[in-house]
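To start, the structure under review is shown below, and the notes come after it.
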Amino acid sequence: MNWSNTPSFLEKQRQRLKRYQFQIKVSEQGRVVSVGDGIIWIKGLPGAAIDEILISEDECCIAMVFHLTEELVGAVMLVQTKKLKAGTPIFPLKRVLSIPVGDKLLGRVIDPLGHPLDGGEIPPHEEQGLLDRLSPHILHRDFVNRPLYTGNKMLDNLIPIGKGQRELLIGDNGLGKSALALDIVMNQKDKKVYCVYVLIGQKRSTVSSTIQLLKKANALDYTTVVVAQATALPGLLYLAPFAGCAIAEHWMKKGLDTLVVYDDLSAHANSYRELSLLLRRPPGREAFPADIFYLHSRLLERSTCLSPAMGGGSMTALPIIETKEGEMATYIPTNLISITDGQIFFDESLFSSGFLPAIDITKSVSRVGAKAQHPQIKKESGRMKLDYLQFLDLELFTRFGAKLDAKMQKQIQKGRVLREILKQERFSPLPIEFQLAWLIAYNEGFFDESNLEDIPQILKKIEKEIKQSNLSLGSPREQWKKAIKEWLMA
């Protein structure tokens with residue numbers, strides 16, 4: 001080696017010093033004033049911004065700025081720790097919260113910060129999605145024009161849902177709202193729809209049973225579960241729906257179809273009320289802060305159908321809300337009804353009578369879903385909802401002993417047959433071809449002479465034959481009619 005051509009050590013250092021540029025780095029530091037109930041009050045941090053991340057010196061504490069006053073900064077804790085106390089230094093990171101996103105989250109169970117809860121590896125951080133961001137611009141949106149098949153006879157025909165729609169599931173506790181949402185998720189198998197199921201404030205047993213049901217139906221292959229249990233910090237309960245939305249939003253912007261279930265937003269609203277009261281914000285109606293409507297609209301407006309120029313992806317939202325004694329006119333339910341594109345109302349009296357799913361047709365509506373229905377389904381369902389509502393009115397008269405003519409008696413019998421057809425067991429989504437088959441059979445009068453107790457067996461026979469046939473939604477109606485007639489006569 002020729003040492004004479006090698007620069008000396010001193011020469012190297014001299015060149016390095018010439019290239020060095022002195023820069024002043026200013027960092028803020030605050031100090032904890034008090035800690036309690038998941039809230040941290042901090043003195044200092046004059047440059048703090050809402051939603052900014054804060055950490056302690058040893059990074060044992062992660063918090064988020066939630067409230068600003070002239071003297072103090074109010075932050076919500078996102079990690080439980082006993083090391084935090086008055087006087088602990090706190091530093092801002094000058095960035096907002098984000099979560100890992102992408103296909104590697106499929107089949108995973110995570111918390112709102114992206115930490116694994118299923119014992120698996122930490123999700124990769126190559127792709128990050130902001131938890132809170134602006135909804136897509138109006139010019140970047142498209143009309144809801146493609147159906148999202150739910151596998152439910154009542155929804156796919158009478159209350160249709162389109163991709164990019166926001167449909168509220170509302171009703172008292174224990175009436176089957178979550179079961180219907182799980183049915184819809186299970187029905188997306190092989191339909192190229194990625195699902196995100198967000199569990200907010202649920203018991204450990206409920207979380208466990210939900211995950212087991214998804215595993216049993218092989219639905220976890222295309223689903224991500226975001227969990228903030230009832231025992232979690234209020235800050236995590238608040239962030240859970242935004243985390244689920246960020247995960248689905250990433251796929252939507254890639255041109256994919258996604259479905260998000262928020263189970264449920266009652267717990268989310270309660271956690272936000274708790275945080276707001278602890279931070280001494282002025283309470284409003286039912287002690288909720290004044291911006292609770294903005295909170296939920298900001299979340300749900302991110303669900304949409306993007307225009308072809310933006311990739312054509314969609315995010316369908318199914319928020320769940322709990323009522324008390326069937327009262328829809330309380331604060332949070334009325335807010336969400338006005339934000340969403342329709343609601344599916346679950347009635348306790350229907351549940352008690354054995355009509356499952358206990359959906360009240362008279363109070364349920366889909367404002368934009370009909371435009372997304374397949375032409376064949378739309379044509380066959382036609383006036384079915386109106387006819388069913390008229391049947392319910394007629395049936396009410398029979399309870400008072402009113403005499404009805406033959407035409408009305410026939411209408412009542414046909415309505416009772418339809419009611420029996422619409423019954424469906426939990427966790428048993430049905431293919432859309434079967435939906436078309438029973439619609440044609442009903443409209444052609446193939447059920448008119450059947451006893452009500454025979455209806456389930458007839459439907460099972462049709463379902464079995466559908467799986468073995470080559471018929472599709474695009475097949476001619478006469479071909480469907482001929483095939484159904486042969487199945488029922490065999």
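Placement of Cβ uses the backbone N, Cα and C atoms for every residue, glycine included.
As given in Swiss-Prot:
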type: BINDING; residues: G171, D172, N173, G174, L175, G176, K177, S178; note: ATP binding site
type: SITE; residues: S364; note: site 'Required for activity'
Per DSSP, three-state class assigned to G171 (ATP binding site):
strand
Setting G171, D172, N173, G174, L175, G176, K177, S178 aside, what same-chain residues sit with their Cβ within 8 Å of the center of the Cβ atoms that define the ATP site, listed in sequence order?
E322, F346, F351, A358
I'd like the Cβ neighbour count for S178 (ATP binding site), meaning other Cβ atoms within 10 Å of its Cβ, all protein chains included.
23
Give me the long-range Cβ neighbours of N173 (ATP binding site): same chain, 6+ apart, Cβ under 8 Å, in sequence order.
E322
Where among the binding-site residues G171, G176 do you find the Cβ with the fewest other Cβ atoms within 10 Å?
G176
